[in-house]
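Per TrEMBL, the features are:
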DOMAIN    10-188  domain 'Thiamine phosphate synthase/TenI'
BINDING   Gln38, Tyr39, Arg40, Asn41, Lys42, Asn70, Ser109, Lys139  4-amino-2-methyl-5-(diphosphooxymethyl)pyrimidine binding site
BINDING   Asp71, Asp90  Mg(2+) binding site
Amino acid sequence: MTNRLDVRGVYLITPDEPNTQRLLLRTAPLLGSITWLQYRNKQADAALRLRQAGALREACAAHDVPLIINDDAQLAAQVGAQGVHLGEDDGDVAAARALLGEQAIIGVSCYDDIERARAAAEAGASYVAFGAFFPTTTKQTTRRATPALLQQAAELNLPRVAIGGIAPAQVPALVTAGADLIAVVSGVYAAPDPVAAVQGYRAGFAAQRGKL
């Protein structure tokens, strides 16, 4: 990316849903209220991932929501997604940029590590993600990020994503610390009313920076 992305809001990440139609039914009502969608399914084989990513790409296009693919730049290119999110062992930013193009959204998991974030920024990442901020059932991790880390990462001049066990009530403090996007999986998908849950997360931004 040649310019800093100006984004804020809910960064929704899909759960490990084996049924593509059910995944669409669960996700479609949320697309009008989120900023980005990340497709992540650690239980799916390559064929299912291709089907699900392609279906989500079409649904996202109808709502003008960028689709980011977790861990797989090749799949992102295959379905025409807007970007890829890279974890610790998922390839490098330069290779993803070469494959997906200068306008692709390329994010990097930085956990609790400002030096990893600095390296990602230097390599040309579009955003950096920190976490987990709180205990989470989605992904086992012992790493804990802090609001101070979000503040420190302001030096990078990149959007900052906060992830990991975040409840709506915790959003205002993270936004105040510098989070541009709040990434959520079970906080939305496991909620009794996922649509209302998204609105709860959005309200945390509105309280700090004006209406979304």
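Cβ from N, Cα, C; glycine included.
Predicted automatically and left uncurated, TrEMBL annotations should be read as such.
Here the structure is a predicted model, which means the values were calculated and not measured.
Where TrEMBL records a feature, it is marked here on the structure.
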residue	record	Cβ neighbours (10 Å)
Gln38	4-amino-2-methyl-5-(diphosphooxymethyl)pyrimidine binding site	25
Tyr39	4-amino-2-methyl-5-(diphosphooxymethyl)pyrimidine binding site	28
Arg40	4-amino-2-methyl-5-(diphosphooxymethyl)pyrimidine binding site	20
Asn41	4-amino-2-methyl-5-(diphosphooxymethyl)pyrimidine binding site	18
Lys42	4-amino-2-methyl-5-(diphosphooxymethyl)pyrimidine binding site	11
Asn70	4-amino-2-methyl-5-(diphosphooxymethyl)pyrimidine binding site	22
Asp71	Mg(2+) binding site	19
Asp90	Mg(2+) binding site	15
Ser109	4-amino-2-methyl-5-(diphosphooxymethyl)pyrimidine binding site	22
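Taking CA atoms as the reference points, Asn70 (4-amino-2-methyl-5-(diphosphooxymethyl)pyrimidine binding site) and Asp90 (Mg(2+) binding site) are 9 Å apart.
Per-residue confidence over the domain 'Thiamine phosphate synthase/TenI' (10-188) averages out at a pLDDT of 96. In this structure, the CA atom of Ser109 (4-amino-2-methyl-5-(diphosphooxymethyl)pyrimidine binding site) is 10 Å away from the CA atom of Asp90 (Mg(2+) binding site). The CA atom of Tyr39 (4-amino-2-methyl-5-(diphosphooxymethyl)pyrimidine binding site) is located 9 Å away from the CA atom of Asp71 (Mg(2+) binding site). With respect to their backbone Cα atoms, Lys42 (4-amino-2-methyl-5-(diphosphooxymethyl)pyrimidine binding site) and Asp71 (Mg(2+) binding site) stand 10 Å from each other.
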